[in-house]
Amino acid sequence: MHALLPGTRRFVDHFPRFTFDRLDSLLFASDPLLFASDPLLFASVSLAPRARRGSDVRGSSKPGNAWRSGADRAAQQTTDSIPTMESSSDVALLLETVNFAAEKHRNQRRKDAAGTPYINHPIGVARILSHEAGVTDVCVLQAALLHDTVEDTDTTLDELQARFGPVVSGIVAEVTDDKSLPKAERKRLQVEHARHCSPRAKLVKLADKLYNLRDLETGAPQGWSEERVQQYFVWACDVVKGLRGTNAALEQKLDELFTKRGVPLSGTNA
């Protein structure tokens, strides 16, 4: 059995029946704050064994039988478990990336009424790509986790390139606004540049917009009027027009939100 790192017992105590088939399942099987606040906890749970594919305990169809107590449970984990991810190198890359992002965003909060930790956003964007868009490209998932680090923290593109390589840093560069420009100009440039982005950057931008629009549907940030929320939807639709043809699943979900808000889809490929 894999030994847990110090300080991680509380997670396992709360979720004694969990097994994790893939890292994306791990990332979002629980509150991401647990992982953001304790990278060691994240690492230890992600590397725990998972049950063999296709069955629970020796062909039993009852999931509850997959976890036994005492010696039976220990023996079952030893004989019927295999590593969590198909590629241990992918696990290491994503763990390093989410740890880096959590450190960079550790003192930041979202603008929602609850003031949720900012790290929820990049993790949520990565989840959308993995769960809803079917993205398995590790570089895209890394870029999603890092997409706001340059724009909203002291991180530099050179730092990202040295740490994660030119492909990941290049995607982040494509989705990063120039904060030295006025906000209206930044928004105009997002619309203008969208169609010229690489396919990988377009994926991150689509997932980012979908996450933000869902957030607005749940509740507007403090100080936002209904008119401002509607203006954001209209602007986001203009950005998405330049991203079309990238991922049908994400585009459909975005179109559903735009239609619900009464935002015209004219000029799109929908």
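Note that Cβ sites are derived from N, Cα and C of the backbone, with glycine treated the same way.
Database features, via TrEMBL:
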type     : residues : note
COMPBIAS : 75-86    : compositional bias 'Polar residues'
DOMAIN   : 118-213  : domain 'HD'
REGION   : 53-86    : region 'Disordered'
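For the domain 'HD' (118-213), the number of residues in each DSSP class (helix H, G, I; strand E, B; coil) is 72 helix, 0 strand, 24 coil. Mean model confidence for the domain 'HD' (118-213) is a pLDDT of 98.
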